Amino acid sequence: MSSFSYRNGITSKGVGVKLDNYSSKSSSSSKSKVQSTGSSIRRSSTGSVGGGGGSTKDDSTVSGRVRVAVRLRPRNAEEMVADADFADCVELQPEVKRLKIRKNNWDSDTYEFDELLTEFASQKRVYEVVAKPVVESVLDGYNGTIMAYGQTGTGKTYTLGRLGEEDTAGRGIMVRALEDILAEISPETDAVSVSYFQLYMETIQDLLDPANDNISIMEDPRNGDVSLPGVNLVDIRDQKSFVELLRIGEAHRFAANTKLNTESSRSHAILMVHVKRSVKGKHSSLSSESTGKTLKAPIVRKSKLVIVDLAGSERVEKSGSEGHTFEEAKSINLSLSALGKCINALAENSAHVPVRDSKLTRLLRDSFGGTARTSLIITIGPSPRHRGETASTIMFGQRAMKVENMLKIKEEFDYKSLSRKLDVQLDKLIAEHERQQKSFQDEVERIALEAQKGVAEAERNYADALEKEKLKYQKDYAESIKKLEEQWAAKQEKHGHRKVKVGQADDGIDQKSNSELSTSGEVAEIKKTLQNETLLRKAAEAEVNNLRNQLTQWKKAEAARNDEISNLHKLVENEAHQKATLEEEIAILRSQLLQISFEADQTRRNLDTGRNGELSGSLDSLIPQVKHQQPKDSGDGEKASMAKLFEQVGLHKILSLLEAEDADIRIHAVKVVANLAAEESNQEKIVEAGGLTSLLTLLRSSNDETIHRVAAGAIANLAMNEINQELIMSQGGISLLSLTAANAEDPQTLRMVAGAIANLCGNDKLQVKLRAEGGIRALLGMVRCRHPDVLAQVARGIANFAKCESRAISTQGTKAGKSLLIEDGTLPWIVQNANNEASPIRRHIELALCHLAQAEANAKDMINGGALWELVRISRDCSREDIRTLAYRTLKSSPSFQAELKRLRIDYG
């Protein structure tokens, strides 16, 4: 009876232990052989597909055959005993690359392969022969695939996935491939991200997030590319973090104990490594009609390395599989059979290749007959008891060698990088213009102030000088008049005295004539003095007139300065006009940037159809939440134990433990309540018993991060019910959740809080109150965490809120006002994340944009905020048809959007 288990040791009927079937003696005995052949390894690996990895032109297509190597496992302990008297069923001749499989003691069949690896071949040589050429091609821009195929227990997982933590020489292909890739890329310009998932019974499960166990496959209708939008994509910066991710993924793989292998893989594990590299010295030139300048968009190469660890084929009568393990074996064999049929069809150039018969063949459609450089390593064992399985594996490899792939380099224009550079240049120009304008205004103000001070001081000085001169001449004039009056009086007095003497004397007529002559001379002297004084007065008046003329000249100079100040004001007005002109040019540049992005999209479509180029969509780095959850069987057991605890202890007793003084007891109690709240049947009982009030009280009173996280998760589960949503709001739940989000740093706590608020955002009746109590601002504040799971919940909340507003518009019509989301400032974040590489975030943001665009009142803000282009992109490139149709219908029905598209000369029919 076989035992079913995960690789982390959890089993349904015991504990499975993984044993590596490679004996320790092989490593020591192969050292000399590897050293002697080291120089020829690289030469031997340059086959039609595995060769060299030389770069080609951007749109070149190279034909390459699938390259196949055979690795022989040494005998294990059981085979050494059971087959001691029998020779190996295969014989390897590495020198001539031939393999013989014995039919009997005298007859054998011979086959040729690209490489033969004996049981003594080291892990390093296996990597350099099989995988390194493919890794080099991936670094050059090609897609690549490395796959291991063989019977169960022949060493596929050992070859590909061994971590080599105890002995670095035992590292497998996955670890060594990432070492080479990280050593070659530049951290500043290049990026590496990985996803790790398994195909278990035709169901795809993310090994880094086991709860994500129903991932769908998406196919691009234009070029047939296969993608998994639901799988987590993790940025890799160093080897240590990658090894840790491999360890986590390996722990979640399904395994079982069978007769052929103590820990047989029950799923196909696939590691996808996405490499993005900038091509140095290579740009795409785009001319701008308005500015006349040429913009250079950098070129990036995007390639993908797929490493596939297939589950081993097995015969049920030999493996002893039964029950669930039997069903697993059936599923494994069916998927491997489907893969064999596809390879047969490709090898025979059949018109129909049945790739849709299995999810495995859909995932590997690019590896066989597609555009990837593919290396296949088939693993076999030496035991004659399994000669039939060994022969089947060898024939599979022979058919695979006939498959031809058409290799293509995948390049695209990095318009995001160009957009960032243009934004930086635009910000610098705006800042420089503002700085120069401020400096000019300061200089004008300084000159005007100095001119005003100079004019005022000149007026004051000339007024003082004029007043002093006036007073001086008035004083001199008064003194001159006084002197004349005194002299005149003295002359008059003297003249009168002489008259008396003449009248009394009786000298005669001669004496009288002399006296008259003397008086006439004095009068003449007085007249001469008076004339001199008149001349002095005229000179004073001339001096006054001169001063007046100088004052007039100063006034004219003041008028000239006023004219200069007026001219400076005109210069200021001209600068303001130039500023307005620059702002218009900036707006034109932004419009041109939008148009360039649109033209880039058109260019990509033209390249897809006209040049057979395959330009992949941009893959930004996303750091997912890695959860260590238990498998489903264990989860069922936990639910059963919770139900038993619920019946035996009672809900009221459990809720009373939430108020215990011991912190550990409170933590365990809130975890129990959270697990019970996850079941819809328990939610009503929890609310009726006061559990919701107790959880809100814990949020308010406790400072423990664990209690906050678990309580918020329980509230999020309860908030899925409309009645519970109203109770949460009435008890101040949104304020408590907002406060918890503001104080929390742990991403898991923020994810739970965001999930609870997102559920409340979906209630039409609570929108106004939720916004008034800070619910939207709390969601926007949590984006500081940048964790993808938190951002996904924030995006879901915004989408729910926008959807409720859209439903309200259907009843209010054109009376609907501007969205509360836009008023609270969420539009910039929505636009920034509209093309996020994480599909949950992108899907919710796309829905939010479509719903916001339903209201014509939002159109102006959405156009100014750059949301119009995102709506155009969604209507054309969104993977979901319903969202794509909604975006298209919204753009066609909005007059504002149609007018803006027409202004930008974008034909949107």
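Cβ from N, Cα, C; glycine included.
As annotated by TrEMBL, ATP binding site applies to Gly150, Gln151, Thr152, Gly153, Thr154, Gly155, Lys156, Thr157.
Under the heading compositional bias 'Low complexity', TrEMBL lists 23-47.
The feature compositional bias 'Polar residues' is assigned by TrEMBL to 511-520.
What TrEMBL records for 630-639 is compositional bias 'Basic and acidic residues'.
If you look up TrEMBL, you'll see 65-403 marked as domain 'Kinesin motor'.
Under the heading region 'Disordered', TrEMBL lists 14-62 (among others).
TrEMBL lists 492-520 (among others) with the feature region 'Disordered'.
What TrEMBL records for 605-639 (among others) is region 'Disordered'.
For the repeat 'ARM' (649-691), same-chain residues at least 6 beyond its ends with a Cβ under 8 Å from one of its own Cβ atoms are 638-639, 642, 697-698, 702, 704, 706-707, 710-711, 713-714, 717-718, 720-721, 724, 727. The repeat 'ARM' feature in TrEMBL is assigned to 649-691 (among others).
Taken from TrEMBL, the feature repeat 'ARM' applies to 690-733 (among others).
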The one of Gly150, Gly155 whose CB sees the fewest other CB atoms within 10 Å, among these binding-site residues: Gly155
Mean of pLDDT values spanning the domain 'Kinesin motor' (65-403): 87
Count of other CB atoms lying within 10 Å of the CB belonging to Thr157 (ATP binding site): 27
All-chain count of other Cβ atoms within 10 Å of Thr152 (ATP binding site): 25
Tally of residues which DSSP labels helix, strand or coil - the repeat 'ARM' (649-691): 35 helix, 0 strand, 8 coil
